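Over in TrEMBL, the protein carries these features:
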- ASN469, ALA470, VAL471, LYS472, ASP516, LYS532, SER547, LEU551: ADP binding site (BINDING)
- LYS715: ubiquitin cross-link (CROSSLNK)
- ASP661: 4-aspartylphosphate (MOD_RES)
- 20-41: transmembrane segment (TRANSMEM)
- 53-71: transmembrane segment (TRANSMEM)
- 83-109: transmembrane segment (TRANSMEM)
Amino acid sequence: MESCNCIEPQWPADELLMRYQYISDFFIALAYFSIPLELIYFVKKSAVFPYRWVLVQFGAFIVLCGATHLINLWTFTMHSRTVAIVMTAAKVLTAAVSCATALMLVHIIPDLLSVKTRELFLKNKAAELDREMGLIRTQEETGRHVRMLTHEIRSTLDRHTILKTTLVELGRTLALEECALWMPTRSGVELQLSYTLRHQNPVGFTVPIQLPVINQVFSTNRAVKISPNSPVAKLRPSGKYMQGEVVAVRVPLLHLSNFQINDWPELSTKRYALMVLMLPSDSARQWHVHELELVEVVADQVAVALSHAAILEESMRARDLLMEQNVALDLARREAETAVCARNDFLAVMNHEMRTPMHAIIALSSLLQETELTPEQRLMVETILKSSNLLATLINDVLDLSRLEDGSLQLDIEPFDLHGLFKEVLNLIKPIASVKKLFVTLSMSSDLPEYAIGDEKRLMQIMLNVVGNAVKFSREGGISISASVAKSDSLRDPRAPDFFPVFSDNHFYLRVQVKDTGSGISPQDIPKLFTKFAQSQSLAAKNSGGSGLGLAICKRFVNLMDGYIWLESEGLGKGCTAIFMVKLGLRGRSNEAAPIHVQSPCKSWTNNFTGLKVIVMDDNGVSRMVTKGLLVHLGCDVATVSSGDECLKVVNNEHKVVFMDVSIPGIDIYAVAVRIHEKFARRRDRPLIVALTGNTDRVTKESCMRVGMDGVILKPVSVDKMRSVLSELLDHGVLLEAQ
């Protein structure tokens, strides 16, 4: 056998392999035993790890694997059966734990993957939140700029200042190179350059409003990026290497009234202006979203500010116009008040001046009538008296109508004898009707109250006017008067559409109907009869009694009494019916005697006033002489004076009555009455004081009553009227009604 020169290894090959395996198993076991220690430390330190039991199971698997490798160290040499059994048990346990761990990993891997997915989702949400926070910060910054711009814009309500301030503040906030405002022209077919930030071109440059770029901007409320070379953006000097981005936004013109710069319209056909904003040239800067939003908000704020400014201008113009109108109205009111005062003063003077001669005419005519006259003379005197009374009635009507028109006339609401009023009207009308051979009948319904509350004098005036007209326009036949309480179903009449009765327990509506057999009225002439100085043409041709103011006065008196009056006639020659309703008050629920003083029959002084001492105080010699003549005719012993001092000197306890004219210039007649009262300590020694006046207003009557006068007589005065006054004064000690 040949010898070999090979270098034999230090250890045999099998033994060497075994040695390596032995060393490897040792280090594997050492690693396996160190890993669980590290896992235990990790689990102990981690309070939020969700898979602790998995780590425990995995640690057991590693420990068993390490134990297997450790036990395997004893198998490289001769070993006992005990070592084999331990080795087998370790491997069985390792296999079991390995299978359990593998199955558990299959179960928890999807959970681990979902955790990873949630982790990615949370990362995305965090990134999105960061972006939103950036947007919020941007919006806050934008809002701050908007508030600042809005404050600057709205710090004035002058529209030109608003627009200029807008451009300046936008240029400063956004660091713009140029900013311009284009306004529509009067024609509405062009936009005119009205304001710029830095451009020096003359204002007046125009572009057609139908350009596509303008239509594009006007069609949306958003800021729109436009080409730097568009006609509305060519405001920067040429030669720039790279022009900055340009945006344009519309500005609504909510109110464009009387708002002109050069050729600006009063009312534009377009509802928008155009604002153009340019970033600096030779810059890489671009428009950001928040900057565009800022521009849009500012455009809206400018529109609101312009509308407020327009409203302010309109309100200031309206205020100025209203002030002018108020000045004109105040001037007209003063002129009207002056005219009313002048008219009232004129009427008062004319009333006094006209009644003084009327007093003389009527008094002397009535005195003449009681003398022996031939039939022809008596007819002439009666004509004078009738004409004088007609003229006196006309004077009263003019004064009443004047006070009705200026609202100064007020009703004297007092209790009165309603039945007695109708009987008195009948007694006054019958003598006049008998002259024309006309019969007059009076019918009062059973439910008509005997006493009522109202203005007896005005109701009497209405009755006398209406019945007097019936007598005046009747030549034959007669006049029938009927009075009743108006029923609720008869108050609403189609001929009185403006009459709206109001019922109550304390009031009733008196319905009076006066029917005559006179000449009648054409239906078309009826409405004219209630106007001043109006009369049917047919009646005017047949009657010479004058048109007068009777029905016009009646209509106004009836209206004051919450009533209505109308006429009915079937035509000429068929008579006429006058109907009126007035509202009166009730004195209780029964017609028992009320505390109303009814004149009793005149006693000792009725027909004989011989020796009655009377004083007449009047500054007008004619009027004084006439009044004295009336009293002398009645048998009185009359003393006349022309002033208050004379009256105070003359009057004594033998004088029974003092007649005083209240219109004496320069004399306070009321003070004279008070001094007469003071002169006599005992009432029975003091004479009765009666005022003679031409004023029919309530103020005069109340003034006389306030100073203690015993009555008021309205001029003119006839013999019969003076006889009635003296009788009432001497019988009752007071004149119950202004005569």
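Backbone N, Cα and C define each Cβ position, glycine as well.
Curation plays no part in TrEMBL annotations; they are all automatic predictions.
Structure with TrEMBL features highlighted.
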residue	record	CB count, 10 Å
ASN469	ADP binding site	25
ALA470	ADP binding site	26
VAL471	ADP binding site	20
LYS472	ADP binding site	17
ASP516	ADP binding site	26
LEU551	ADP binding site	23
ASP661	4-aspartylphosphate	23
LYS715	ubiquitin cross-link	28
Can you tell me how far the Cα of VAL471 (ADP binding site) sits from the Cα of the residue listed as 'ubiquitin cross-link', in Å? 26
Cα-Cα distance linking the residue listed as '4-aspartylphosphate' and ALA470 (ADP binding site), given in Å to the nearest integer: 37
